[in-house]
Amino acid sequence: MTTAEPPNGLHHRNRKAPQSDENTSHAWGRNIAQEEDLRQWHNHAQRVKVRVLEQVQDQLSNLLDVALTESVQPFTQIPSVNGKTTKKPPSSSQRMDDGKVFVARPSLLDELFEINHIRTIYHMFIAVLLIFCMSTLAVDYIDQGRLVLEFDLLFYAFGKLGTVTWAWVVMFTYTLLVPYYALVFWGSMYHSSTSKLGLSIGVGLALSAVQTYILGQFPIHVVVHYQLPPASRFIVILEQIRFLMKSYSFIRETAPVVMKNPPKEGESPRFPTFSSYLYFLFCPTLIYRESYPRNSHIRWKYVGVTLGMILGCLFYGYFILVRLCVPLHTQETNLPFSKRTMVLAVFNSILPGIMLLLLCFFAFLHCWLNLFGELLCFADRMFYKDWWNSTSFANYYRTWNVVVHDWLYYYGYRDFLWLSERKFRTAAMLSVFIVSAVVHEYALAMGLGFFYPVMFVLFAIFGVVFNFTMNDKRRSPVFNVIMWAGLFLGQGVQVCLYCQEWYAQIRCPRTGNSFLELVTPRSWSCR
């Protein structure tokens, strides 16, 4: 029978020890060996852990690299009937020189949720929603002696949906028919006309006039005349903006093709099919193409889960407003205005503000767009990128909302450079910022029912400053912390000031309709 070799330097002493000491020495040696084995296994586990984390990081990096590489590949992947993808050379409208290239790719969060560590963060948000529900039930039971979840604020916000429906039908019918047939009318006469410029200007002015009335004044009239509640207002106004951007993209992408491709003798001009334009009005992109990469089938389970997440986000936002915003600002209206009150209100609004920001991102940019993408088999799901890893505000603006960014880049920034022969890049960037800030402020002003340019100031002034100071040269993780701190503080300011103005409009309604009274915030004078 063999035993473990004792440590060096103790062999001679142990040989002369009594039998009991020898047994103790053997046990002590075994313990030392076991401890050494444990240390070795612990070190091995640490090395394995490091390698696994490095592999996960490499996989995520490769995933992002592939997504970026595919976006500049000179081909698109078109799924065949059996679900396999084939490489197809691009048409003249899909080269990088002509605009965005669409490729089949999933949304980033869908792939990240396959990692348990990332999915746990999603579970944490669900747990917080359950806590909100339990808190509301407990408060109702203590205050009123009943266990009923009331959604009065939610029902109020989405009131008058009948008016919203017929207004949407009018805007959709116009956008579907008028721009398309205006293009067909212009294109059928363009190459045979003796005055191509006069024809183009005439048709363009006529279409602009009709656009101004149907997609410009009509939605505003519906919102103001019928006194729609906030959520219903946002539906009408956001659909107005979406239809304007879609119709512009359709004209902008197809008119140059018609001009550059005169029909052969005895042939009619070639126009986009009506079905492709109808598909474009519903698919989750603002860049028109005659065809997009398509999936082979609809995953109905994915549709059901995504729809459930949208409803969950809706109730989540409701509980945030009811539990965190309404109590804070209803109590604040009874306090005299002071710097201390304002500072405390801003910092108390940071938590609901950032939660609402994340909810809007997840509900709309991930769930809503993926829902329509799945129902329409739209394969390019890159609606956003990894904006949360941004170390610069310039990268954050590019990656937060890729759908809108693409439209602003191709039809705002790039067209501005083309008109200026690439001489005024800074002016092009500033023009895009100003247009984006004006549209955001317009949507908020019409949706909330008052003008208070907090969003415009934060976007057009602070956003521009941060865009140039915190640019893509900033790579340190410290700048990611600064970016998140700016988002936290900005959301706190917006939630605080807009909530104050909302209650000021209720407590001190306007006495007239003069321009000065309409643009002056009531919270400045209402006490």
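Glycine residues also receive a Cβ, built from the backbone N, Cα and C atoms like all the rest.
Summarising the annotation, TrEMBL assigns active site to His440. For His440 (active site), the same-chain residues that are 6 or more apart in sequence and have a Cβ closer than 8 Å to its Cβ are Met455, Phe456, Phe459.
Marked as compositional bias 'Polar residues' by TrEMBL: 78-94.
Annotation source TrEMBL lists region 'Disordered' at 1-26 (among others).
Residues or ranges marked as region 'Disordered' in TrEMBL: 78-97 (among others).
Sequence annotations record features per position, and here TrEMBL assigns transmembrane segment to 121-142 (among others).
TrEMBL lists 162-185 (among others) with the feature transmembrane segment.
Per TrEMBL, the feature transmembrane segment maps to 197-216 (among others). Long-range contacts of the transmembrane segment (197-216) within the same chain, counting only residues at least 6 positions beyond its ends with a Cβ under 8 Å from a Cβ of the stretch, are 170-171, 174-175, 178-179, 182, 185-186, 189-190, 240, 243-244, 247, 251.
Residues or ranges marked as transmembrane segment in TrEMBL: 300-321 (among others).
Sequence-distant contacts of the transmembrane segment (341-365), counting only residues of its own chain at least 6 positions beyond either end whose CB sits under 8 Å from a CB of the stretch, comprise 109, 309-310, 313-314, 316-317, 320-321, 324-325, 328-329, 332, 335, 383-384, 400-401, 403, 487-489, 491-496, 499-500. Residues annotated as transmembrane segment in TrEMBL: 341-365 (among others).
Annotation source TrEMBL lists transmembrane segment at 450-469 (among others).
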Open item on the list: Could you check whether the transmembrane segment (121-142) packs against the transmembrane segment (300-321) - three or more CB pairs closer than 8 Å, residues at least 6 apart in sequence?
Closed with: yes
